[in-house]
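For reference, the structure is listed below as structure tokens.
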Amino acid sequence: MWKGLIHQYKEFLPVTDQTPALTLHEGNTPLIHLPKLSEQLGIELHVKTEGVNPTGSFKDRGMVMAVAKAKEEGNDTIMCASTGNTSAAAAAYAARANMKCIVIIPNGKIAFGKLAQAVMYGAEIIAIDGNFDDALKIVRSICEKSPIALVNSVNPYRIEGQKTAAFEVCEQLGEAPDVLAIPVGNAGNITAYWKGFKEYHEKNGTGLPKMRGFEAEGAAAIVRNEVIENPETIATAIRIGNPASWDKAVKAAEESNGKIDEVTDDEILHAYQLIARVEGVFAEPGSCASIAGVLKQVKSGEIPKGSKVVAVLTGNGLKDPNTAVDISEIKPVTLPTDEDSILEYVKGAARV
């Protein structure tokens, strides 16, 4: 029986006898093969579906470690800045650990599903007029001056927890893929995966992938090599103009002979709809930067035909239902409450 990441991977994690056995049974997420897209693209494409984690995103992996260590160190309050998923994970694990959680969010820039989670888990929520980068700056300053644990990805325990996804990919495939494609926002996750692949390879000889990270064009600070003061993208989860793990992400790409690239909002939305309608996988828009990047780089030849590719889908599609409804051409059809009318419509729709 799966007992969570701290139990499963304790030999790889900085835990002690005093570390609480905190868990919501995070991790152990499916690696789903996409046969139709694999055939279309001429590659072997799989998706690591992190949206099935307890709060619906990959953030649970790092948060269980960050909160457990904060508890071990005697803190009773945690704090974070968030575009949504971090706040949901922080609030959930704080509730589980009987701790207080304070989150700062950019006002009006957080997907509804994520805000609802933070509210239900009991977080203290502060909205500011600035963006995520402004929020993180404030949180870091407050945590330096107060006995409050910072649980954003600048917290090294977050990276430790998140690296476990790379272990799972290797276990599920039997080896590392040729390419690991991943969205890049605050850049902690690409950093964590690369750390995980290196550690697992050192112990088990599973090989190392090329790390290919994808920023949204309107928030592509690393690609442009400049801080973006007012980042804008449909992909709210990666709407970050000054990534906290910038240097480490660049290092991960360089060490692995990979690349940090950018994709447009149109490319993200195309990928978002494509994997849902062709493969039955529903991920939030920010997640789909990885798929958009794979499509782009297969077309350019940067990802060779025949490659074994894992694209990380970082969050569940239900995190951002408004985007799904807003962009869909498929709208409910209103008909009379009459079987004959409905049958006639169904015959036309089904072409029977």
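Any Cβ shown, glycine's included, is placed from N, Cα and C.
Since this is a predicted model, take the numbers as computed values, not measurements.
Annotated N6-(pyridoxal phosphate)lysine per Swiss-Prot: LYS59, in sequence order, evidence recorded as similarity to another entry. Listed in sequence order, the residues of the same chain lying 6 or more apart from LYS59 (N6-(pyridoxal phosphate)lysine) and placing their CB within less than 8 Å of its CB are ASN53, ASN85, THR86, ALA88, ALA89, ALA90.
Among the features that Swiss-Prot reports, pyridoxal 5'-phosphate binding site is placed at ASN85, GLY185, ASN186, ALA187, GLY188, ASN189, THR314. Over all protein chains present, the Cβ of THR314 (pyridoxal 5'-phosphate binding site) has 29 other Cβ atoms lying within 10 Å.
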If you take the centroid of the Cβ atoms of ASN85, GLY185, ASN186, ALA187, GLY188, ASN189, THR314, the listed pyridoxal 5'-phosphate site, which other residues of that chain have their Cβ within 8 Å of it? PHE58, LYS59, SER153, PRO183, VAL184, ILE190, ALA237, ILE238, ILE240
Check each residue in the chain of GLY185 (pyridoxal 5'-phosphate binding site) that is at least six apart in sequence and keep those whose C-beta is under 8 Å from its C-beta; list them in sequence order. THR83, GLU215, ALA219, ALA237, ILE238, ARG239, ILE240, PRO243, GLY286
Maximal Cα-Cα distance (Å) across residues annotated as binding pyridoxal 5'-phosphate, namely ASN85, GLY185, ASN186, ALA187, GLY188, ASN189, THR314: 14
Neighbour tally for ASN85 (pyridoxal 5'-phosphate binding site), based on other Cβ positions within 10 Å of its Cβ: 33
